Amino acid sequence: WRDVVRDAAAVREAAAVAVDAALLAGVLMRTGEQPHASDVVNYAPFTLLPSAVPRALFEQAYAVQQDFNLLVDTISQNKEFLEQTLASTIKVDDFTARLFRIYMQVLEEGLAQTVFLGINRSDYMFDCGLDGTAALRQIEINTIAASFGGLTSRTADVHRLVLKVLGKTEEASHLLPNNPAKGLALGIAKAWELYGSQRAVVMFLVEDVQRNIFDQRCVENELWNRNIRVVRKRFRDVFEQGSLDASRRLYMDGQEVAVVYYREGYVPQVYDQQNWEARLLLERSRAVKCPDIATQLAGTKKVQQELSRPGTLEKLLPGHPEAIARIRATFAGLYSLDEGEEGDRIAATAIADPDRFVLKPQREGGGNNLYGEELREVLQKIKDSPERTSYILMDKIKPQPALNYLLRAHSPLQVSECISELGIFGVYVRQGQELVLNQAAGHLLRTKATEHADGGVAAGVAVLDTPYLV
């Protein structure tokens, strides 16, 4: 869009149209000042122009999503693998340890749950090699509360209009349709149906502060359209109103719950003693949890790092050589900081050359990773302590920046050098041992200015975008 980016008058006009179009389309968030009220809202931040994405890498990301769904589901059923992989982490990371204790307790009691639902989002960046060719590199896979499937379903229409206003009708026609909200709802509806009670409800487990409520409402409304009742509850409500009957059916306020869809529960700060008890109650129940606690553990950074070790994928997915090759082709360099010679060597390498790496703790939700000088300082401090095993080290990906305008409420209109991250939503449903649904459910492109190393849309750094395939 080089011609557009330099035309200040055209940009101002297009930005005014874009903001109104976003409000009309429902690309909305509640405001930071009034996060509990839907009578004062604003548009969710987004790019003025769709961003270029290499078509071959976009197709590669879609093609591998069913493999990743299968892999996550397989790991969630492999107690021995989770125990071995997380052994060092649970000694030093209290949050992972508490999740793990609930996991073991539920297994010892015997699983009441027979239907399993996974909603994942696998996130990638495009690593630019020295020769200028780009490669798809997985950043992480989110197995709990993967967001923005709703708002991104509405963003392409906004970009389509912007391109038309800028006289690019032909380019506008090339933007792909994308509706993850529908795909996610399809998975939830399938799990609800297999649970087998027409009267039972789907419970969205939500945060106390719900700025991103419209994103969730997109999925919720798809379920109402299928005549599936949805209730919204917090951990506190589960603690106060939740109960199990003799066959471990979950009831909230006297209503049977078929599916619990977590949009909360991935950061330590939300858990006090009462909320841990609520989580245990949910996990012990027959209700379909999305995710169940084993699947949440399968999404930890430590598991991601273990998967990159030679031979690990072959052990987990015997008889699936093509899937293994597709998965492995997306891996960036990942390194263990476990105690011992290998960990010592890796830590020393990173301290000597911190700009080559990213240091990642076992956390979801964006804004937790460490880079550059900060990475060096933290590693210096913990290099001789067991605490370092709660982190993993990853090669820093170097994408090719592009110019764009990031539209944020109450912010000046200025051009930024930007990089993008592509997420592919995956949905699967398993009943007993049989995968009855396994598919990619749509995509999410998020873009941020290059001066921000880390953070997503909810963290206030990245903005919503639409891929323009090149």
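Using the three backbone atoms N, Cα and C, a Cβ is placed for every residue, glycine included.
Where the annotation comes from TrEMBL, it is an automatic prediction and has not been curated.
Taking a C-beta cut-off of under 8 Å and a sequence gap of six or more, Glu264 (substrate binding site) has these contacts in its own chain: Ala145, Leu205, Val206, Glu207, Arg234, Phe235, Val270. Sequence annotations record features per position, and here TrEMBL assigns substrate binding site to Arg121, 144-147, 210-212, Gln216, 263-266, Arg446, 457-458.
Sequence annotations record features per position, and here TrEMBL assigns ATP binding site to Glu140, Lys301, 360-369, Tyr371, 394-397, Glu421, Lys448, Asp454.
The Mg(2+) binding site annotation in TrEMBL covers Glu140, Asn142, Glu364.
According to TrEMBL, the feature domain 'Glutathione synthase substrate-binding' maps to 200-298.
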Spatial neighbour of Arg211 (substrate binding site) that is closest, considering only the binding-site residues Glu140, Asn142, Lys396 and their CA atoms: Asn142
Averaged pLDDT, computed only over the residues in the domain 'Glutathione synthase substrate-binding' (200-298): 97
Other CB atoms within 10 A, centred on Lys448 (ATP binding site): 24
Cα-nearest neighbour of Asn142 (Mg(2+) binding site) within the listed binding-site residues, Gln216, Tyr266, Tyr371, Lys396, Lys448: Tyr266
For Ser147 (substrate binding site), the one of Glu140, Pro361, Tyr371, Lys396, Lys448 that lies nearest, given that the binding-site residues are compared by Cα: Glu140
CB contacts for Pro361 (ATP binding site) [other CB atoms within 10 A, all chains]: 15
In sequence order, the binding-site residues (Arg121, Gln216, Tyr266) whose C-alpha falls within 10 A of Glu140 (ATP binding site): Arg121
